[in-house]
Amino acid sequence: MNGENFCLSEKIVSSSYVRQGSQARRGHEQLIRVLLEQGKCPEEGWSEATIELFLNELAVMDSNNFLGNCGVGEREGRVASSLVAKRHYRLIHGIGRSGDIAAIQPKAAGSSLLNKLTNSVVLDILKLAGVRSAASCFVVPMATGMSLTLCFLTLRHRRPGARYIIWPRIDQKSCFKSMVTAGFEPVVIENVLEGDELRTNLEAVQRKIDELGAENILCLHSTTSCFAPRIPDRLEELAVICAKHNIPHVVNNAYGIQSSKCMHLIQQGARVGRIDAFVQSLDKNFMVPVGGAIIAGFDEDFVEEISKMYPGRASASPSLDVLITLLTLGASGYRKLLSERKELFCHLSQELSALAQQYGERLLHTPHNPISLAMSLSSLQTHGGAITQLGSMLFTRQVSGARVVQMGVEQTISGHTFRGFMSHSESYPYPYLNAASAIGITCDDVALCIKRLDKCLKSLRRETGDSEHVTDPAPLTDEQNKQGIMIFFLKWHG
């Protein structure tokens, strides 16, 4: 409804009622105008009515929704199922053109606007989360592993003689395969054990650069978010090494946006040294379906170079999902989720530590990992199969995400054999169980996890005859009681 149509409506319905409706419409339009002007995530979230109005306005700008449109090409935005059309808000053309994922589509002004706005809003969120000097980013319809591959393929054109990628070890298959798929040889740097933590071996990185020659190295591939007891790489020191030897630096920041510590490491690394690109998952950081990632960097030209490396058009679904989510939450809503995640990390840590003590185990001391926790399972090590059985028991009791790690497991990936696979080390001294406080976790999740883990451990102890080692939980300290009250308050009033 435009102004002319509202005037015509006054001939049918009382003008005072029409004016009221017109004012309500202008309220929605004002929010949309501010988004178009600023390109930033709104401070307060939008209503579903405003979001749907906006998406419908975008959809009617695409040629497949033109009244009387006659399409005679091979790609005209035709959809056989009305359910599919509704699922995508009739934004069918996707994003980009055949040679550039960031290019404007003449037949799809609405979808092109959606793409540009999403990238702008996401960049605003990256800055809000801690990487304030990020210059550019774009959403790509691939998960983290393939997005890393795209970065490596782009660097190939800048360093055609390079063959190796230096990679401090992290036991996650897609990280390793992203390098192999791009046609490079990963040079695995084993971590060093400091206390319970596995940390970057800077001396080994430097030795490998000297041995291989900087000109033969495509980049250094580091990691922030990871499973404990591994902790984020020493990004500042690695960035300084990369700057010194003129070696590109790509950071796997898979689920690091939700951690102020991970984002601070990236910001500081770029400040004191060199970081060319950092890649993060959409689903792990924004609670949207799997299938998208954000590639970001501190040099607009290089980020644009990566986007132009993507061959062909692309699905708009990841962009649409994250834009809807951020418009729903608003910047304040997203900050609240980040704050709650951090509070519940402390709560999960306390609960897991108390449970570990009951069974003669302990929470491994990994203060530099802001998301993941690890609880030792040493007492189960002597009972064959008990550790893997615990993992199966948790899964069948609907505890998802927890994982158990045995000692001495070997795994071969693309011809490279990892000893002690899943523990990020050839010889980590303990088996353990991982649990994480990721964005969206609730008090109920923590309580149910601890309750079911307790039952599983009791059952295993009865089977193995070690029930005498189970102790009563230690009484909570005053500080723990205060924190428990705070968590309870957040749950019911937050």
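Each residue's number is its place along the chain shown, starting with 1.
Heads up, the Cβ atoms here are built off N, Cα and C, so glycines get one too.
The following features are taken from TrEMBL:
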BINDING   R75  pyridoxal 5'-phosphate binding site
BINDING   R97, S98, Q105, R313  substrate binding site
BINDING   R271, R397, R462  tRNA binding site
MOD_RES   K284  N6-(pyridoxal phosphate)lysine
Discussion item. Using Cβ atoms only, which residues of the same chain lie under 8 Å from R397 (tRNA binding site) while being at least 6 residues apart in sequence?
Written reply: R452, K455, C456
Worksheet item: Counting across all protein chains shown, how many other Cβ atoms sit within 10 Å of the Cβ of R97 (substrate binding site)?
Response: 17
Worksheet item: Hey, for the substrate site built from R97, S98, Q105, R313, who else sits with CB inside 8 A of the CB center?
Response: G94, I95, G96, G99, D100, A103, G312
Response to the item:
Out of K284, R313, R462, the listed recorded positions, fewest other Cβ atoms within 10 Å surround the Cβ of R462
Fill in: Neighbour tally for Q105 (substrate binding site), based on other Cβ positions within 10 Å of its Cβ
18
Worksheet item: Can you tell me how far the Cα of Q105 (substrate binding site) sits from the Cα of R462 (tRNA binding site), in Å?
Response: 65
Practice prompt. Look at each of the binding-site residues, R75, S98, R271, and point out the one with the fewest other Cβ atoms around it within 10 Å.
Written response: S98
Discussion item. With the substrate site defined by the record as R97, S98, Q105, R313, how many Å span the farthest pair of C-alpha atoms?
Written reply: 10
Item to complete: Taking Cα atoms as reference points, rank the recorded positions R271, K284, R462 by distance from R313 (substrate binding site) and give the first.
Response: K284
Fill in: Maximal Cα-Cα distance (Å) across residues annotated as binding tRNA, namely R271, R397, R462
55
